[in-house]
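Annotated features in TrEMBL:
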| type | residues | note |
| --- | --- | --- |
| TRANSMEM | B:27-46 | transmembrane segment |
| TRANSMEM | B:52-70 | transmembrane segment |
| TRANSMEM | B:102-123 | transmembrane segment |
| TRANSMEM | B:130-153 | transmembrane segment |
| TRANSMEM | B:178-199 | transmembrane segment |
| TRANSMEM | B:229-254 | transmembrane segment |
| TRANSMEM | B:266-291 | transmembrane segment |
| TRANSMEM | B:298-317 | transmembrane segment |
């Protein structure tokens, strides 16, 4: 425990800015993964335990296409599109068979894929740590805000995640497709009786969730090291986010992710060895006081 | 006595006699099983085989205790492995730091487990299915990260090293391989017998009722929260026993014992063997360990093989092996009765 370091940081604006931005990027990446998880749960009533694998594949797809084309934009696109296709196939071929089954069965199918996907990555890309490297466009002088150092890439990352959050939020509440999705979450039988292909909606939502996780992985690729199994810690954290924010709530996922990001970045100063423990503690506290999460509905 | 009460009294008597009979049968089966396992070293000098049985004991206790939660009560715990790790670490630490006799450390570990499980259970069991699964998982990770970060006490990511002292007690020397083997078998059989008694007791049937319809159980005056908490603590005790067998076997404790994959494997074992029969998890344990040992011998990518096998069971059979066998027998018997009628 190092409370002096934490107090010292809180009283200096430079450190405050640096820690807050690093908390924000952790939070934003977590948000992208968690919002897919919460969306899939909200509509399909399935907990995608293999969601971390999409994050992992997003990062690896981005790395490979960046190495092949040298274009950062294409790398992001490959990460997002590749995982969307993967999500669609995964949902249609496997997950659609266990809807309505036991939670246990759904967890098991996902657990199987966690094992399989990790090994697939190990076979294709090798077991060692990889890094994509920062694209040349972002290898510029960092910005100084109130004395704190902020790499420009962080701003891009936060911006992209924010745009995704806004588009998703408005899309779901205003657009026709968004309304159909929400209706399908509420009463799939009625929606399909009205002549809408719910299978297509389910596949689409799963693909969207996979795409968001893949995008997060692709965005994280320049700043994190890539390794098989990298998805799992992200998965656990985004579970915590969705549970804190409330399953099925997008706003909850955003708030939960930002809180968790800040806990991680400031906690690493005060409790360097127990940062992860802090997150679990926070989750326990939230659940004990409000079992459905901060923004969850009672019926969930 | 009204007619109704008289009828009930008559109906109950044979059931009670039947329960006693079943109990004697269970004890008899347990004795025979123990005799067979204990005489194994007389016929074979294979250390690998004995080691295999010891590992089966550790995992079998753990998996069967998980079945008390998953199969009997409908509590899908995804963090049950924390008690496996807790048992291994508590036992190892008590033996290393205090140097007490093994039975004392054994009882002390059970006491610690019961306390921790009561606290965690009190928080977890009022949550519904998926929330319960997550929160138990989160507690598992909390314990795992505590073990990792409290390096001065637990050895951090290196685990508890330097060996666990195994002083002889009552003429039993657990440093001796055969003694350790027999002690593990005894713990396994006693543990299984105790869990069988719990499952077949009125309390066990209360648990089944909670699984099938918790609202109805609570209308009938059952304190659902208390029953769930009780079984959560009981299951934790047996998981902790499994952890202790493991700690004795490897003479140490490692953070992997408390990692979530242990819980995942426990769930998988239950799925593999089947949750609708008492011995299903035991069959699953033997299957998984055999599978693991065979697969790791042939390929380093055992995740893929294991994953495909899980998929086969989850999507193909849709039930555990023993469930499958039990249903097949039931169907055959029904068909046979149909012919005679």
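FYI, residue positions are counted from 1 along the chain as it appears here.
Cβ coordinates come from backbone N, Cα and C, glycine included.
Worth saying up front: this structure is predicted, and the values here are computed from it rather than measured.
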Folded-back contacts onto the transmembrane segment (B:298-317), same chain, C-beta under 8 angstroms, at least six residues removed: 268, 271-272, 291-292, 324
Contact yes or no, the transmembrane segment (B:266-291) and the transmembrane segment (B:102-123), 3+ Cβ pairs under 8 Å, gap 6+: no
Tertiary contacts of the transmembrane segment (B:229-254) (same chain, 6+ residues out, Cβ under 8 Å): 51, 54-55, 57-62, 64-66, 68-69, 72-73, 75, 77, 80-81, 83-93, 106, 109-110, 113-114, 116-118, 120-122, 124-125, 159-164, 166, 174, 180, 183-184, 187-188, 191, 194-195, 198, 203, 207
